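These notes concern the structure reproduced below.
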Amino acid sequence: MPKANPTRKTKATRETGGRKKKDPNAPKRGLSAYMFFANDNRDKVREENPGISFGQVGKMLGEKWKSLSDKERKPYEDKAAADKKRYEDEKAAYKAGEAEEDEESS
C-alpha cells in the first residue's frame, strides 16, 4: 500500500505568509555549546585547509566536536549555559515589556 502524501502547502498559503514575521526587537536565542566551539575553531580549520568548501568545514568541525572529551567540552557547555540564562532573562524582560504595551494600548 503506498504511503499517503503529506499535506502540502498550496501556493496561496505560501503567498499569504503562513509564518509570523519575527520581531526585530526580540532577544536572540542562546547558542549551543557546539556553536561556541564552532565559532572559536572555524578560522583555524580554514587556515589548516585552504580552499575547503563551507560544507567540509562544517563536517570537520563536527568530527572535532565529537572527538572532544567531556573535560574539553566543559568550557563551551559553561558558555552555553550562561548564554541560555542571558536569553531567558532577556526574553522575560521582552515579554514583560510587551505585556505593558498591550495594557497601555487597551
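Counting begins at 1 with the first residue displayed.
Cβ coordinates come from backbone N, Cα and C, glycine included.
Keep in mind that this is a model prediction, so the values were computed, not measured.
Record features (Swiss-Prot):
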{"type": "COMPBIAS", "residues": "1-11", "note": "compositional bias 'Basic residues'"}
{"type": "REGION", "residues": "1-33", "note": "region 'Disordered'"}
{"type": "COMPBIAS", "residues": "12-26", "note": "compositional bias 'Basic and acidic residues'"}
{"type": "DNA_BIND", "residues": "27-95", "note": "DNA-binding region"}
{"type": "REGION", "residues": "60-106", "note": "region 'Disordered'"}
{"type": "COMPBIAS", "residues": "61-93", "note": "compositional bias 'Basic and acidic residues'"}
PLDDT averaged over every residue in the DNA-binding region (27-95): 96
Helix, strand and coil totals (DSSP H, G, I; E, B; other) for the region 'Disordered' (60-106): 44 helix, 0 strand, 3 coil
